[in-house]
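These come from TrEMBL:
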type	residues	note
BINDING	Glu16, Lys57, Asp119, Ala120, Gly121, Lys122, Ser123, Thr124	ATP binding site
DOMAIN	10-101	domain 'Clp1 N-terminal'
DOMAIN	116-305	domain 'Clp1 P-loop'
DOMAIN	310-407	domain 'Clp1 C-terminal'
Amino acid sequence: MSDESKIKIELPKEHEFRFDVPQNSTISLKQQLVEGTAEYFGTELALGVAYQFDNEKGAIFTWYPGCVLELVGNCKHYISSETMMKEYLNIHNILQQNRTTALNEKKRGPRVMMVGPTDAGKSTLSRILCNWAARRGSQTIFVDVDVGQGSITIPGMVAAQEMTQPTPIGRVEYTASNPLSYFYGAVTPSENIPLYKNQVENLARDIDARCDDNEGAVRSSGLIVNTCGWVEGPGYQLILHAIDTFKCDILLVIGHPQVYEDLNRTYGSRGVNVIQLPRSSGVSKRDQGYRRKARTEKIKHYFHGLSEDLTPHTVTLDFKDVVILKVTPSTQKGTRLMEITPSGEVTHCILGVTYHATSMENVLSNNLAGFLYVSEVNVEKQKITFSSPSPGPFPSSYLLMNSLRWLK
């Protein structure tokens, strides 16, 4: 990177440095001055440390008195004073007050849900609020039911993660430790609404149990729930279901006045605080091609690491050693599991492996241990070959399948 351009960026107080790193390019950003601070979506930059970014759209914000950044590499970038950070900080301060009260009174902390259309900035605000809370010593549980994105595990799952520290900045390996995750196996809730609702309920059940078992920081820190951008028709009904299931008492509605009015009419009289926020000018529109590539990259990083320096383990088993259960919609029971014989249909599928599943009846209600990629099916020899991130036997012989695939 020594042959690339190096520029100094003087960032005034309460401004954002926004950048867009194109595909197959890398930049380095470093905060130079001792005075002042800067942060990346709520995580503070360390002084003098160079952070690497590639194929990423991001923003670095500074409070008083401003800061100086050093940029090495080429990317689109600009400085903006149009930022929502003050409004976000006000919300954070309210949440911290609620957490303190909950801790003192041994009650559940605030349960916050992000609601809004696609590309409204829900994931960004979730990350900022979680990181700020972690910096204050809270242990907020981040809940992601946006199956199209996969902020905690790979796409296609509903998951939750206790945030004990801010998320790392830039191109670094970050793996959620001990997440709660449940198999859905598709990237849109519309593919199987009964299954989606069932897995959201399973996730909420385990979160409630974890909070009830911990009367300290976990219970009082509350939840930050990120939802998908489907806010009309059946999608709106799924939002209502999620609000009730997670027992949310604060709704942050971003960039959709009509949804705000509808939710305020429904929940405002029930003691739920419904807050309307405009869409941040820094939020970028992402087309379907960008989303597909982002999902593919997320799955690739799971098996090969962020720097693609990891080699997954190859495991070949007899057909009789595994039970592949395909999730299918059912008009009678909502969702059913159908045992299938491995065939070419299974090749390139991403399968979910659960912990300690003992029967078909309870496999969907079990927390996921991880994922497998089906690289080859040999019908003649009755052999199936998987790529696995870890060696050794699988936690369960029951493997869950839906429509999620990875075409390398």
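For all residues, glycine too, the Cβ spot is worked out from N, Cα and C.
Features per TrEMBL, on structure.
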residue	record	CB count, 10 Å
Glu16	ATP binding site	23
Lys57	ATP binding site	16
Asp119	ATP binding site	16
Ala120	ATP binding site	22
Gly121	ATP binding site	22
Lys122	ATP binding site	27
Ser123	ATP binding site	19
Thr124	ATP binding site	21
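Using DSSP to sort the residues of the domain 'Clp1 C-terminal' (310-407) gives these counts of helix, strand and coil: 6 helix, 49 strand, 43 coil.
Across Glu16, Lys57, Asp119, Ala120, Gly121, Lys122, Ser123, Thr124, which the record gives as binding ATP, the greatest C-alpha separation is 19 Å.
Taken through DSSP, the domain 'Clp1 N-terminal' (10-101) splits into 17 helix, 42 strand, 33 coil.
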